[in-house]
Each structure stands twice: as structure tokens, then as C-alpha cells.
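To start, the structure under review is shown below, and the notes come after it.
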Amino acid sequence: MSKVLIRAMVLPMTGPDSFYPQGEIAIENDRIVSVGAYGSVPTGFIPDRILELPNDVVMPGLINTHTHAAMTLLRSYADDLPLMPWLKEKVWPFEEKLTEEDIYWGTALALCEMIRSGTTTMLDMYASMDQVAEAVLMAGTRAVLSRGLIGNGPNGKRALEENIELVQRYHGAGAGRISIMFGPHAPYTCSAEYLRSVKVEADRLGVGIHIHVAETEDEIKIIQEQYGKTPVQWLDELGLFGGHVVAAHCVHLTPEDMDILASKRVCVAHNAESNMKLSSGTAPITELRAKGVILGLGTDSASSNNNLDLFGEMRSAALQQKLKVNSTALPAYEVLEMATLGGAQTLGLEDVGMLAPGFKADIISIDMDQPHFYPRFSIPAHLVYVAHAGDVRTVMVDGKLLMEERKLLTMDVGKVCQEAETRAKRINGELNG
Ligand SMILES: N[C@@H](CCSC[C@H]1O[C@@H](n2cnc3c(=O)[nH]cnc32)[C@H](O)[C@@H]1O)C(=O)O
Ligand SMILES: [Zn+2]
């Protein structure tokens, strides 16, 4: 039994006006007991530990709703290309050389970076997902994991079996910190028959589906030529929607596509920086919000971003919508919501994304006693337009501290960086001499 009391400025993300300049959060084991102003802690709550953080803003941990964590190994390896040549000429040949251990260490590197930048949960899509799960268990974060399924190739059947085994082995692992989804890669890499078999398995096992959708104009063209429809309409007619689905990107949508996403409750993972870097386009986030689509933020991989910093991603997402729509589009609090509660809803996690009694204690603190945070007019604006990864001081997941005073408690950062460096350079040597 552990009881922790945090005293700080508290932004619980329970509504645009909820903020406690002098707040208190009581935590018992993995859950929040109370959130309020000083003195609001229930009588009889005797903490084992008090974290006094009067100059920090404490908020829910950030949620990355679309990434390929182990691709930190490809960070700044292949840049300044559009999606299809980037994948086919650079990324996929590199990925063919990855061993299971490489994926473990690449994921560990991603988790170091995520914790340091205040991300407590990710939705990942990759291969060797047992290794990814083990890295997550070691790091102490929360994660939803999906096996990336490229169904048009020779390995499609085996990959689907691996995804099934992943559900059996890791769904609910780490006292519920890990859950599993199916990860069919995209409509252009999976046949109709393959997607149908994925849906059958997902329904049988009661888990969701995570897929790239409508990312580039190339994709729209390919699917239009092949099936005479948009990717969203194609997937809908196939029967892929209806259960829990996370559609990453959704950059190129018709009004009918948006209506389908809204009516089928498809959740959208928005990756503004990756979409800008690959020049994929600007997703219609303002319109999707207006239609009531559930939205989360993602970084996509460190190879198309090239970092996993959700603070940077919030800023980019806001600025990109303002550039496209107008300056009132996607205000700060709404972006923060996408990175917290919206992310939780996107991932189907009911007890994270807010600081409220009964919710999991997934909590971060941001050090506001720095020149770039004065004067303190608006905390949400500071968090979206000013803050960056290095401002995060404390990270807790499931009531357990993963970082204190910017020091990681669950991982040896030096060792992880060295392993990643050696392994990435080995592969580069094999490919490029
Ligand atoms: N090739 C793997 C499975 C795929 S995992 C998910 C895949 O998505 C790729 N990927 C990363 N970012 C993007 C993106 O933005 N769009 C499409 N695919 C991406 C990534 O390189 C990876 O190959 C196997 O061994 O079976
Ligand atoms: Zn992706």
C-alpha cells in the first residue's frame, strides 16, 4: 500500500475552467483518490510521501496515439522524401535487417525519450512486439501494442498469427498497463481478404484495430484505381469499421468520409509533424472536431518527425490548423485535450487522460519556474505554445514514479543510447558499406 500526496499547480483536464493554482492530488497505489485545492485531501489520508512542487504544473500524462517506437533507430537516417519512396527505398530495407534485440533497444530508446517528454502512454505498431512489450514492462509506461501487418507479402499469415499470440500473451499484462490491438498496416498493403480475416480475429478476441488511412494523395489514387472508392469508403464497405478502430493520419478526406468516421465512431490519430515532413498534407482536424470525431495526437515514428516530443506536436498541430483555417482554429485547451483525454478515448482507455478520483495515477509535472514561462497569463497557452520536452520534471504511471528531477528511475539512459547507436550503425554499415 502506498500513499502519495502531490502539492502543485493542478490542471486536471476535466474542463476548460478547472485549474487549482494551489492544488493537491492524493494517490493510493495506482489510482487517484482526490483532486482539489489545498486542504481538499480526505481526512484520514496519511501520505507516505509528499511531493512539494509549488512551481510545477501537474497534469495527466500525455498520450501518443500513433507511433512506431523502435524506429528511433532510423532517426535522421532517411529524410526529405515523400512517403512511398521513403518507405520503399529507405525504411523497409533498413527494417529487414532489424533483429529482435534491435527492436527491444530501439523501443527502449523511444521510451526514454517519451518519459523525459511527459508521454506516459503510446499506441505502437511494429514487428517483434513481444520485445516491445518487454521494453514497456521494464520502462513502466502504459502502452497499446499492435503487430504491423503487411498482408500483401509472403509474411502476412505469420504476422497475423503473431498478432493473435500477442493478444494471448500480453493483453492486460503489467497489471493492465498493456493492451493489444490488431495492426493491419494500410489499405494499400493489405488485400480485402486479408483485412476481412483481421477483422474476424479482432472481433473474436474482443480487441480493436489500428491502421494507417488516407495518409497521402498517392494512397487515394491507388485505392481509387483499385477499388473505385476512397480509402475510408473502401474500409467501411469491407466492414472494418464498427468496433474500436484507430485510423492514423486521415489527411485526405471527403465530406462523406468524415461522416462515415463520425457515424462509425472511428478514432483518428493526428500526426501533424509527420504529415508536414513527408509533405502528405494537412488533416481536416477542425472539421473532424466539429463532426464529433474522437481525436488524439501522435508523433508517428522518429524517422518522419524526427522526435517523439508531444509538446512539440501540440504546438505544430495548433499552428498547422491556424495556417490552414484561421487563427481561432484549434485553441490551446482543445489541443491539450487531444493530447490527454482525447488520446485516452482514442485508445479505448477509460481511466486515464484526466486527473479525477478513480482515474489511474498517470501524472506529469512541468517546471514553470523558468524564464520562458513568465508571466503566467494562461497555463494552457504556455503548455501548447511555449513548453518543450525538457521542461518535464516528474513522471508517474500507475502511481509509480518513472522520473524524478528529470532523472529516469527505471532505465539506464546511457546504456540505452549506446545500444541504439551501435545497432543502428551496424545496419547502416551492412546497407551502405
Ligand atoms: N515490416 C514489418 C511490419 C510493419 S510495422 C509498421 C510499418 O509502418 C511503417 N511506417 C512508418 N511510418 C509510416 C507512415 O507514416 N505511413 C505508412 N507506414 C509507415 C514502418 O516503417 C513499418 O514498416 C514486418 O516485419 O512485418
Ligand atoms: Zn505510422
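Along the chain as shown, the residues are counted starting at 1.
Placed from the backbone N, Cα and C atoms, the Cβ positions cover glycine too.
H185 is the residue from H185, H244 that TrEMBL records in the substrate site together with E95, R147, E215, D300. Among H212, H388, the residue that TrEMBL places alongside H66, H68, D300 at the Zn(2+) binding site is H212. Within 10 Å of the Cα of H212 (Zn(2+) binding site), the following binding-site residues from the list E95, R147, H185 place their own Cα: H185.
Around H185 (substrate binding site), a 10 Å sphere centred on its CB holds 21 further CB atoms from the protein chains shown. Annotated pair H66 (Zn(2+) binding site) and E215 (substrate binding site), C-alpha to C-alpha distance, rounded: 13 Å. Between the CA atoms of D300 (Zn(2+) binding site) and R147 (substrate binding site) there is a gap of 15 Å, rounded to the nearest whole number. Under DSSP, E95 (substrate binding site) is assigned to a helix (H, G or I) in the three-state scheme. Across the residues the record lists as binding substrate (E95, R147, H185, E215, D300), the two Cα atoms farthest apart are 21 Å from each other.
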